[in-house]
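This report concerns only the one structure given below.
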Amino acid sequence: MEDGHSKTVEQSLNFFGTDPERGLTLDQIKANQKKYGPNELPTEEGKSIWQLVLEQFDDLLVKILLLAAIISFVLALFEEHEETFTAFVEPLVILLILIANAVVGVWQERNAESAIEALKEYEPEMGKVVRQDKSGIQKVRAKEIVPGDLVEVSVGDKIPADIRITHIYSTTLRIDQSILTGESVSVIKHTDAIPDPRAVNQDKKNILFSGTNVAAGKARGVVIGTGLSTAIGKIRTEMSETEEIKTPLQQKLDEFGEQLSKVISVICVAVWAINIGHFNDPAHGGSWIKGAIYYFKIAVALAVAAIPEGLPAVITTCLALGTRRMAKKNAIVRSLPSVETLGCTSVICSDKTGTLTTNQMSVSRMFIFDKVEGNDSSFLEFEMTGSTYEPIGEVFLNGQRIKAADYDTLQELSTICIMCNDSAIDYNEFKQAFEKVGEATETALIVLAEKLNSFSVNKSGLDRRSAAIACRGEIETKWKKEFTLEFSRDRKSMSSYCTPLKASRLGTGPKLFVKGAPEGVLERCTHARVGTTKVPLTSALKAKILALTGQYGTGRDTLRCLALAVADSPMKPDEMDLGDSTKFYQYEVNLTFVGVVGMLDPPRKEVFDSIVRCRAAGIRVIVITGDNKATAEAICRRIGVFAEDEDTTGKSYSGREFDDLSPTEQKAAVARSRLFSRVEPQHKSKIVEFLQSMNEISAMTGDGVNDAPALKKAEIGIAMGSGTAVAKSAAEMVLADDNFSSIVSAVEEGRAIYNNMKQFIRYLISSNIGEVVSIFLTAALGLPEALIPVQLLWVNLVTDGLPATALGFNPPDLDIMEKPPRKADEGLISGWLFFRYMAIGFYVGAATVGAAAWWFVFSDEGPKLSYWQLTHHLSCLGGGDEFKGVDCKIFSDPHAMTMALSVLVTIEMLNAMNSLSENQSLITMPPWCNLWLIGSMALSFTLHFVILYVDVLSTVFQVTPLSAEEWITVMKFSIPVVLLDETLKFVARKIADGESPIYKMHGIVLMWAVFFGLLYAMML
């Protein structure tokens, strides 16, 4: 049934043909079950374990590695017998990497809560219905309830379907709708039709929503929606239709994978084609097929060299470490890739209640009469400090701190706050914080009374819990509450009938303490309290009270005001009909006005500075709230979203105003607006869609079930720690303290993580370029193998992986939150950086090949071959004068490969130091600014020595121990990489400063001169 809220009770019942007393017939129930289906949310079909496993291999880099492993495995089958073991090492290692990655991926997905499944927890098991097949109320399974059923609910019940209320049996009916709206204050319901067909859920006061809870009262209603037709069902549908989007980093890595696959393909084909002339060399037994397979193996080695196998593991580790740092700042990250996405957040869409504010109502201003002479009067206006439920704060009058005990009227006001109240404050030992027990508004009045301490209670020596209830205890020794006249909509007030336990200034008889909406209470006031006297309250005085109350309710504060009054001579209890709430109005008469208190959900202290930081960082903050426009704008002025006197036209929209715009105007509104008030969940989703269409990266906060679709749709969904399970499981991040400032800290951490990630990704890529160059040069020049696939795997995974991970600990730049957010489509590598890393990579490759060639040609421990012999080594087995006296087995000697591998490892350790900063010199940013990097380099070298000096491992990796002379040569080949990168950084700094790279070049020239001078001295 559409627009059930706008229909009268009779129209709703007639729509389904429901008898208002006896409910549906069995035939109607069967027909409706067939028409509408069961009252349950469909179960989400989970993926099988094999589907999840296959998904882990749906990645281009993984597919390339898998192909390399399969080819290596096939080629290993054709190896000579003595080489069979080492030949199988490479494909096995690759497969182990892939299996480990898949296991981790599947484990993460299986453990991730499903937001859609979490919705099921709000479905009740049973419901109470009235049907014609049985007399009275019967319990049925909730899923058997159909539209048209008469359902009865009472305190503690979970609503089994969307229900149009037809009758309320109690004085009031309060419903906790926090799972849907995120607002903690329970909603008072009624049976009247709401004629507005566009009313938002918060305004549908005659509807009970499925999954919400009855906080107080008892009622009956007709079911108007079941299953997917309920408000919670529509949220489920929207969530299931929301597609997951890849993070900017995932998109960049996908692009990198595509480019890499193309480059690998071209280079592999080129290497294989270049050597076609060598296919029938004597080393291959003159067989073209064996020669083709041999060079195919080299091409596969090239593919292994080009793929940064350690990259996925390093990225995961860096992100995981980032989440630990964020957790210390109360931001719990559920989705690892979202850590990096935080770094490019350009818009934060924040809830108001509980995120920008404390979600703890607090009285900030109040007034009482100072003096009254006829129609002339003056007020005493007090201001209170403190913005939480902790009853600590000061009271000020005209900017001066005062003692409330000096004002007689404040003693009476405190008494009303305590006695006309059904709530309390409680100290949570675990959270070390005070919490409300009951309604937020009433809790604020209790805290006010404790702050006032108008009876001068001595709190010294009391613990926090006892001190927080000391004033209440004092007042309760003076008065006893006999009964309460509950709040009702017609009179908009509540009252407590109290009798004195001891004599006080208020007299010896019983009192009726009243609080409520100022207009309603003043209507029934005949007098006003001025000190200890009671004066007549004229219409002119009432107008002045309402005028000042109006000022409190508008402008910067927009306070929620309550009037406090007392009936000095109330009716006797036996003259009251306490069972009929419609008569309560008659008992709250001849009241004496005491004062008006103004309260608000105050902004968090730290939010203003966080908004300023966001502005400096180029991040726009949009406040999205279900609160009314005036209150929301007032809070936004207090926290700096709007300036004090700023015109909010075109920058602040209510949900209805937004709906009245055309799609083009809506997009323009989202582009400039900073506040959306009185919004529905679908507004949040629409705002996210518009932001995404403008290439903005949005972070969206939420805590209710209704927020889940928007949280899932936004790039960064941020749930509140106090929010629903559905919101938390739909979000990428959960704020443990519900604090907006924690989001800003998380964004800062995200930016730092991205900067560090950029450094280690570039480090790994430049290292891989070096490996590709070394294999390409070896094949192109016809040199013996310098590096084999298993060595390349070791370097990529272990030796490179450790320093790359350590680069994730680089300290953040000091100005990181003074720069605009990076664009989501910003490339990892610019043109200049590509040149830099190609230059470094080419040197790495050349030095690696050069070290192997040095051993063959120049080393005293080597064969001292000629360059021609080295480049034509495959012809050695064919004999001939050119290889006279040369043992052809020398070309398989592990020394050359060990030299190449040692140079590669050493250069890449030094290259890791180069990656401490993109442009800063090692002189200004020395290695010890990141001790993790020094430790990882030491560990990498240790592992390298292990494979050199442990026999079993040296056999697997085909390496051998090196002499002192060989180690010195390794260092000679390696150190220039630091000098080369320092030169390139110097040029980059000069270009960034707009200066000529030639300017102040003498330092760089001197650095190179010293190196070559030392090199020459060592050769003498």
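Heads up, the Cβ atoms here are built off N, Cα and C, so glycines get one too.
Lifted from Swiss-Prot, the feature list:
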- 49-69: transmembrane segment (TRANSMEM)
- 90-110: transmembrane segment (TRANSMEM)
- Ser240: phosphoserine (MOD_RES)
- 254-273: transmembrane segment (TRANSMEM)
- 296-313: transmembrane segment (TRANSMEM)
- Val304, Ala305, Ile307, Glu309, Asn796, Asp800: Ca(2+) 2 binding site (BINDING)
- Asp351: active site, 4-aspartylphosphate intermediate (ACT_SITE)
- Asp703, Asp707: Mg(2+) binding site (BINDING)
- 758-777: transmembrane segment (TRANSMEM)
- 788-808: transmembrane segment (TRANSMEM)
- 829-851: transmembrane segment (TRANSMEM)
- 898-917: transmembrane segment (TRANSMEM)
- 931-949: transmembrane segment (TRANSMEM)
- 965-985: transmembrane segment (TRANSMEM)
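Where Swiss-Prot records a feature, it is marked here on the structure.
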residue: Ser240; record: phosphoserine; Cβ neighbours (10 Å): 15
residue: Ile307; record: Ca(2+) 2 binding site; Cβ neighbours (10 Å): 25
residue: Asp351; record: active site, 4-aspartylphosphate intermediate; Cβ neighbours (10 Å): 28
residue: Asp703; record: Mg(2+) binding site; Cβ neighbours (10 Å): 33
residue: Asp707; record: Mg(2+) binding site; Cβ neighbours (10 Å): 31
residue: Asn796; record: Ca(2+) 2 binding site; Cβ neighbours (10 Å): 25
residue: Asp800; record: Ca(2+) 2 binding site; Cβ neighbours (10 Å): 29
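Looking only at the recorded positions Ser240, Ile307, Asp351, Asn796, Asp800, the one with its C-alpha closest to Asp703 (Mg(2+) binding site) is Asp351.
Looking at Asp707 (Mg(2+) binding site) and the residue listed as 'active site, 4-aspartylphosphate intermediate', their Cα atoms lie 10 Å from each other. Between the transmembrane segment (788-808) and the transmembrane segment (931-949), three or more CB pairs separated by 6 or more residues in sequence fall under 8 Å, so the two stretches touch. Segment contact holds for the transmembrane segment (965-985) and the transmembrane segment (829-851), given three or more CB pairs below 8 angstroms at sequence separation of 6 or more. Residues 759-760, 762-763, 766-767, 770-771, 774, 786-787, 791, 795, 799-800, 803-804, 806-807, 810, 840, 843-844, 847-852, 854-855, 925, 927, 929-930, 933, 936-937, 940-941, 944, 948, 957, 959-962, 966-967, 969-971, 973-975, 977-978, 981-982, 985 of the same chain, all 6+ positions outside the transmembrane segment (898-917), place their C-beta atoms under 8 angstroms from a C-beta of that stretch. Note: the Cα of Ile307 (Ca(2+) 2 binding site) and the Cα of Ser240 (phosphoserine) are spaced 36 Å from each other. Beyond the transmembrane segment (254-273), the same-chain residues lying 6 or more positions past its ends with a Cβ under 8 Å from any Cβ of the stretch are 59-61, 64, 246, 292, 295-296, 298-300, 302-303, 306-307, 772, 775-776, 779-780, 828. Geometry remark: Asp351 (active site, 4-aspartylphosphate intermediate) versus Ser240 (phosphoserine), CA distance 23 Å. The CA atom of Asn796 (Ca(2+) 2 binding site) is located 40 Å away from the CA atom of Ser240 (phosphoserine).
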